[in-house]
Amino acid sequence: MAKRIIYNEQARRALERGIDILAESVAVTLGPKGRNVVLEKKFGAPQIINDGVTIAKEIELEDHIENTGVALIRQAASKTNDAAGDGTTTATVLAHAMVKAGLRNVAAGANAITLKKGIDKATEFLVGKIQENSKPISDSNAIAQCGTIAAGNDDEVGQMIANAMDKVGKEGVISLEEGKSMTTELEVTEGMRFDKGYISPYFATDTERMEAVLDEPYILLTDKKIALVQDLVPVLEQIAKTGKPLVIIAEDIEKEALATLVVNRLRGVLNVAAVKAPGFGDRRKAMLEDMAVLTNGQLITEDAGLKLENATLDMLGTGRRITINKETTTIVAEGNEQAVKARCDQIKKQMDETDSSYDKEKLQERLAKLAGGVAVIKVGAATETEMKDKKLRLEDAINATKAAVEEGIVPGGGTTLAHLSPILKEWADKNLEGEELIGANIVEASLTAPLMRIAENAGSNGAVIAENVKSKPFNDGFNAATGEYVDMSSAGIVDPAKVTRSGLQNAASIAGMVLTTECIVADLPEKKDAATPGGAPGMGGDFDY
């Protein structure tokens, strides 16, 4: 296909137009008084959401060049989401501000490479300062505050996540389910999560989130490689009659058997998903046995004289729900408290008997996985549209609290970045010069962008608010919900340091890439069909733009 090539300023301005469109669509959701965005769906009701990365994923522009700008800034949001699980809107607003300020300097003749060096040095300095000012989370009250802010100022959600973490521990698994009632409820049940995802993405039942969610599945556990589909046929036929889904957890599934499972899944013959067993050697077998106890099934292993081709339904485990993504598998089981407790006692006994610190550590990991259980939050709402929005907010809140436990918390509401602005200026004036200093000044000028946008969404003058906040002590900021200047930590307005750090690093990375762009190669727009009905005479062969 023929390509369109654009150079220099024209290329950067085309990227900027795309970035402007995406940033504005996402920025309206920022802060406690941020608005919602409605996403049209080809099938079903429209989705009303307040989540930056979900909005960013939906935006596709007609102009290929502008769409490249959208894709670049979308990356800042999705990388922040991958790293910290929240802060995607902040990352987008920051990247947009840096790109705008940077392009003005490049247009005025500044060297883009040296500017990027300055941006990178300023970011490195700021990351150190964020870590310096972060406070470790000390109690469940701080966890609740973090969850509340990430869920869009919903106290109930924050408190529920704090309760869930109390029950399953800070490293515990918190899972989301669609509830049957109007209220959101918390329940703790047996379950575990391990670090292996589906073998093939074709097993995903939710293609938007790339997840496989199977309710009340049978679970086939085996420590052997499945090479031939013939080994599986007897058990697959039995399951097909029940109409229930199946999850296979095995050492590996080779191409022929995997292809057959995928074809059956895509044709709707059998709802199936396959996962590689976690661990290696004896540890893998022990973890599979743990899963067998948890799911009330048997591990099909030749050591016990069991063969796959002879497997029956009563050898299979069962669960309430299994959620599999590309990296992890979460099993929610129920009703096996006694068996799980006995297995935990057995692991504790092994820990007492072993002298190896490595073995002890691995046994402790297994014990934590088995004994910790899973906290299930059942999301309640009046309509399906509200339920989807609530689930996204809850997901952000869970991720934010986990990030806060990892790296501590800093004052929220854009306050930390705004206060770091004069500190960065002072450091840059002493340590940088020339165009590197200009690069650092670009970052410095952008640091107040999230706070300004939060204030503007609340109906205040962003520039005035930002200047006022900069003149106050580090912990003081603007509470957009009440319109007052308060001590952010005391008011419970806090952000995880990891979220603030990731957002800043990803924004600076994308801004640097855009500024150093000198040429864009994109597909030419396709010609419209000459015989398009209803067009004006002579307009048939026109381009899309």
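Cβ atoms are placed via backbone N, Cα and C, with glycine included.
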Listed co-binder of ATP (same site as T29, L30, G31, P32, D86, G87, T88, T89, T90, N479, A480, A481, D495, source Swiss-Prot) among G147, G413, G434, G439: G413
Cβ contacts of A481 (ATP binding site) (under 8 Å, same chain, 6 or more positions away): P32, K33, N153, A458
Site extent for ATP (largest Cα pair distance over T29, L30, G31, P32, D86, G87, T88, T89, T90, G413, N479, A480, A481, D495, Å): 20
Spatial neighbours of D86 (ATP binding site) that are distant in sequence (at least 6 apart) but have CB under 8 A: T80, A150, D396, A397, N399, A400, A403, P496, V499
Cβ-Cβ distance under 8 Å to N479 (ATP binding site), same chain, at least six residues away: G413, Y485, V486, M488, A491, I493
Nonlocal neighbours by CB distance (under 8 Å) for T29 (ATP binding site), same chain, sequence gap 6 or more: R35, N36, V37, N50, D51, G52, I55, T89
Intrachain C-beta neighbours of G31 (ATP binding site), sequence separation six or more, cut-off 8 angstroms: G413, R453, I454, A455, N457, A458, A480
